[in-house]
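S.K.: Would you mind keeping the following structure in view while I ask a few things?
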């Protein structure tokens, strides 16, 4: 009986992995279906010129869909942005904060609000893309075959539907597959661009544009970067939590101590992604006017990768969102109240406000280190790419996302296997009894 249960659990895990792979294949197929009314030759010419610009990272996150102007050109970024905005608003806006406390029903309502906001943001971005495409002209002719109202409407509908389809695929992976669907969609997009980035680097080395020593140094640097990211992502500060002793009859229960782990990088990869979104926003607004305007030229120059203004704003925004998102993920006051409710306490700290202040003190120190770690990981590759013209697929943000997704997915698989073995063990015990 135990063997049958173990076999059933193993088959369930395999089916979940197969389902996840199938959904990701659909995402990749969609990234090669172009939106209607585009001259592919002219578009390729434009994409080659802008592969190292500020739009390069978003092309990387979309798995090349933005460069090919496919139905998934906006990727799942509008949904991520909408979710983050709703989370930020839930801190400042009381009705949303109350919804979070309503449990499963409140969670469903918040998810629905995120979807509505996704449609709004995707529509805004899609219209900006349509206007940008209409303004693009190359030596072979305009990118848009027949510009006008019909093209704009078609583009907006196509891109919004593509984003909503990706959102749905991500939700299906989360519910019926393995790992976080949204993260895996971004992950597969980044991974798809790695082979071409490696080929491009070795091609530059072969032609003499990049010395073999630098190419080898980059490869060693990549391995070290991955090791550093794994170290910092796994780093924790463990706080001792003591539970009081309780006497029930002649027996004494409790009194044991446990540890509360606080991650060094509590905010995850959200700060660099959202910081990049903020830096892209002025450029998106400029596209509504004229792409050849002085404003657009200034924005393109000052917000170019590796430029001092871009680097400074990038670091400031990463630090800001590190603190802001950590405050959302970990509520010190709520955690302190929960500990007091169960009679637990931090040794040397009084329950309640004293404990809450202690959490804030620890988190502030951790977040400073975590924010600096994120800034260094994201900024150093930016400077190197600007100097040696290496593809954005090898950027710091992409490494952060890939390593985090792999670690999270592996943890979920291990948790699933452990819970399956635990359930099998419990069934065996019940059968013996």
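Don't overthink the numbers, they just go from 1 along the chain as shown.
Heads up, the Cβ atoms here are built off N, Cα and C, so glycines get one too.
From Swiss-Prot, here are the annotated features:
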{"type": "TRANSMEM", "residues": "17-37", "note": "transmembrane segment"}
{"type": "TRANSMEM", "residues": "71-91", "note": "transmembrane segment"}
{"type": "TRANSMEM", "residues": "117-137", "note": "transmembrane segment"}
{"type": "TRANSMEM", "residues": "141-161", "note": "transmembrane segment"}
{"type": "TRANSMEM", "residues": "184-204", "note": "transmembrane segment"}
{"type": "TRANSMEM", "residues": "212-232", "note": "transmembrane segment"}
{"type": "TRANSMEM", "residues": "268-288", "note": "transmembrane segment"}
{"type": "TRANSMEM", "residues": "310-330", "note": "transmembrane segment"}
{"type": "TRANSMEM", "residues": "366-386", "note": "transmembrane segment"}
{"type": "TRANSMEM", "residues": "388-408", "note": "transmembrane segment"}
S.K.: Report the listed stretch (71-91, 212-232, 310-330, 366-386) having the maximum count of Cβ pairs within less than 8 Å of the transmembrane segment (117-137).
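M.R.: Result: 71-91.
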S.K.: Could you pull out which residues elsewhere in the chain have a CB under 8 Å from any CB of the transmembrane segment (212-232), counting only those six or more residues past its ends?
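M.R.: Same-chain contacts beyond the ends: 201-202, 204-205, 264-265, 370, 373, 377, 381, 384, 388, 390, 394, 396, 399-400, 403-404, 407.
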S.K.: Using Cβ distances below 8 Å and needing 3 or more such pairs, separated by at least 6 in sequence, tell me whether the transmembrane segment (310-330) contacts the transmembrane segment (184-204).
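M.R.: As far as Cβ distances go (cut-off 8 Å, pairs 6 or more apart), the transmembrane segment (310-330) and the transmembrane segment (184-204) do not touch.
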S.K.: For the transmembrane segment (141-161), I need the partner stretch with the highest count of C-beta pairs below 8 angstroms, choosing only from 17-37, 71-91, 184-204.
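M.R.: Per the Cβ count, the answer is 17-37.
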